[in-house]
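As recorded in Swiss-Prot, the features of this protein are as follows:
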ACT_SITE  Asp12  active site
ACT_SITE  Glu72  active site
ACT_SITE  Asp144  active site
BINDING   Asp12, Asp144  Mg(2+) 1 binding site
BINDING   Glu72  Mg(2+) 2 binding site
Amino acid sequence: MTSSPIRILGIDPGLRRTGWGVLDIEGNRLMFVGCGSVETREQMALASRLLAIHEGLGRVLDEFRPAEAAIEQTFVNKDGVATLKLGQARGVAMLAPAMFGIVVAEYAPNQVKKTVVGAGHADKTQIQAMLKILLPKADPKSADAADALAIAITHAHHRGAAALRMKVAG
């Protein structure tokens, strides 16, 4: 009996640009499906930007129909206002798959880097180099889309443990 592929959506939340990446996993095989980003303009009102992120991710969810989703956890920086705005974008990005009945797993940035590159303090160029090896058909047009694919890869590797954590916590 062969198992059918499981489709995963990775999300890299951001107010300016929210990256998304979709891949299928079958056993230990990763297959690139698509990636991109939802962009907003700084001149837009905050509520309009959040709505644009929600609608953009809704279109991605409609088109690709993932079974699982993952998002990067927010890091707190020195700029409290920027951190709050990122948190709002992250909340909207988590809501979109939840409205489709999809549980959203969360991963720390250093866990994503360690999973994809092997080092928790890897930089963006190292992540992009590994993406070319792991997903040769992927051609992300932005760092945010590349990060979203890295988040999806992380979930593919840790999904069993993530499901168990959610079950225990729930």
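Cβ coordinates are placed from backbone N, Cα and C, and glycine is handled just like the others.
Scoring each of the active-site residues (Asp12, Asp144) by how many neighbouring Cβ atoms lie within 10 Å, the top position goes to Asp12. Within 10 Å of the Cβ of Glu72 (active site) there are 24 other Cβ atoms, across all protein chains. Each residue contributes its Cα atom, and for Asp144 (active site) and Asp12 (active site) these two points are 6 Å apart. Across the structure, Glu72 (active site) and Asp12 (active site) are spaced 6 Å apart at their Cα atoms.
Asp144 (active site) falls within a helix when secondary structure is assigned with DSSP.
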